[in-house]
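**Q** Heads up, here are the entries from TrEMBL:
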COMPBIAS  1-16  compositional bias 'Polar residues'
REGION    1-21  region 'Disordered'
REPEAT    58-92  repeat 'PPR'
REPEAT    159-193  repeat 'PPR'
REPEAT    260-290  repeat 'PPR'
REPEAT    291-325  repeat 'PPR'
REPEAT    393-427  repeat 'PPR'
Amino acid sequence: MESCTSMLQTETNSSPHDTHWPHHSHIPVSRVLAFCALADACDIQYGHVLFSQIEKPNTYMWNTMIRGYCKAKIPTMGFSFFRGMVRERVEMDRRSFVFALKACEQFCTVLEGESVHCWIWKMGFDWDLVVRNGLVHFYAECGCLKFAREVFDQSFVRDVVTWTSMIDGYVVHNCSEQALELFNSMLLSDVEPNEVTMIAVLSACSLKEDLTMGKSIHEHIKNRNVNHSLNLQNAMLDMYVKCGCLVAAREVFYDMKTRDVFSWTSMVNGFAKFGELDLARKFFDAMPEKNVVSWNAMIAGYSQNNQPEEALKLFRSMLGVGLDPIENTLVCVLSACGQLGSLDLGQWIHHYYINQKQIQPSVILANAFIDMYAKCGSIDAAAMIFNEMVERDLVSWNSMITGYASHGHATKALVLFEEMISMGFKPDEITFVGVLSACSHGGLVSVEEAYELITKIPMEASIAAWGALLDDCGKHGNVEVAKLSAFKLLDLDPEDSGIYSLLANICAHERRWGDVRMVRSMMRERGVKKTPGRSLIEVEGKFYEFLVADGSHPQSEEIYRVLNEIFLLSKLEDSVPDTAQFMNLNVYCDAFLTN
């Protein structure tokens, strides 16, 4: 603001509040107005005061005010100045329309932009290439790809901006196929793609995970000697990471003369995504500077690769350096809390970020809280969040149904499933696992009926579904269905020693010793080694790990005594389910088949 005043005084030795700007002084006034409206150090409101003192502002000045308000993210005022030009019958040029369309891109609807389009047509500027490019960009930016493509197709002359605006519009709105098709058409034209075009096309390859196309674009960039800016190299790096080609990503990274935080974070994210956590951490620790996205990439890597302890440790370090987590960080941390049963930290996140900081949770974050509370044993807290949600998606319903099922609340799980169907949601395989678990835990279905249901559903049953059935076979002592389930699981994951162990235990419990020998023989032949079972418990923020028959803890005797008491109490409970109020199994099956 002081710099605006200083410049004004240099030009006029006065202030806009006590000056009437005559028509003959337009050249210096234009300079002051542009500085006030557009320079980072200045204030658009100050420019507005100056504009109001000018006797007959010219087209350049009107355009400057539209552009200034657009830059200041106050589109209503920018559009108001455009309407003022119409009202005052000020002569417009191509920039008047381009700046007005830029302001309209910031509105929630396209109505204002459509009115500018009408004036473009009425004033005869629809032939102008720069204005048409502005229209393509406006409609593409607002998601009106059909209208953008109509303007594009009706353009008899197209330059690199026309092509790039349309391609980028497709990419931004996840239409990678159309973006790549249009780029191929561009290569057949006489217009040469530039750096911005290449960044958009590489982003399309990333979205589509099309490594072959990505490599061909890389070769095209080399052969055409396109400027290798940092942004282009980062787009190339991101493409290789998202397409899973970490060797090529590393080559691009080490060939870069300049790297920024995005470059480093891409490598961290790539290695973490594909489970190479040691390499991810090596890059993370070597970063010259880190932002919240960098921290999030490493935390997500640990959380999504079954290292929740490391995820929480890194989250605490992140808070220690004074960074505020983004939503995705909290989602990953809550997932880690659920894996560990760390209710204390999950509750702290809920209290601090939602209750104290008044952050309005999105559907994704609310779902993460439901999942965390359910896995940490606080099903009532999960239900409270679910019931408070204004908007729910399929994940919300699935999380609550599976949560109720895992806590033995068969009635609530199945009632919720019926409500979900009545709301028009289409159940998926995760819903099926939740319903199956609820029916099994509630004694509403036999193991044979559950197997029949799995084979009838239209989607391919996953590891979770067959695993739930195998677990139920153990409870019901059904060896034959257990073998069928186990063999399906081993087709999907032949290296999981837990499947062999569970099947062997079921067979042993039913004294099927021949089957036990068969399972152990399969393990030896396939070279599968048994992984010791372990469990974790959090006490006052510290985690304690126990292996099977572990006696290393100093309070082992007391721990086992309490466990035995809990086990005996669970055996004494004998609840008979009320099945009359539920749909029968065939109706549940029909719900999946018809939806």
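Positions of Cβ are set from backbone N, Cα and C atoms, glycine also.
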**Q** How about long-range neighbours of the repeat 'PPR' (291-325): same chain, 6 or more residues beyond its ends, C-beta under 8 Å?
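**A** For the repeat 'PPR' (291-325), the sequence-distant neighbours (Cβ-Cβ under 8 Å, at least 6 residues beyond its ends) are 261, 264-265, 268-269, 271-273, 275, 277, 280-281, 284, 332-333, 335-337, 339-340, 342, 345, 543.
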**Q** So if I exclude everything within five residues of the ends of the repeat 'PPR' (159-193), which remaining residues of that chain have a CB under 8 angstroms from its CBs? That is, six or more out.
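**A** Same-chain contacts beyond the ends: 129, 132-133, 136-137, 139-141, 143, 145, 148-149, 152, 200-201, 203-205, 207-208, 210, 213, 220, 224, 226.
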**Q** What mean pLDDT score does the repeat 'PPR' (291-325) have in the model?
**A** 95
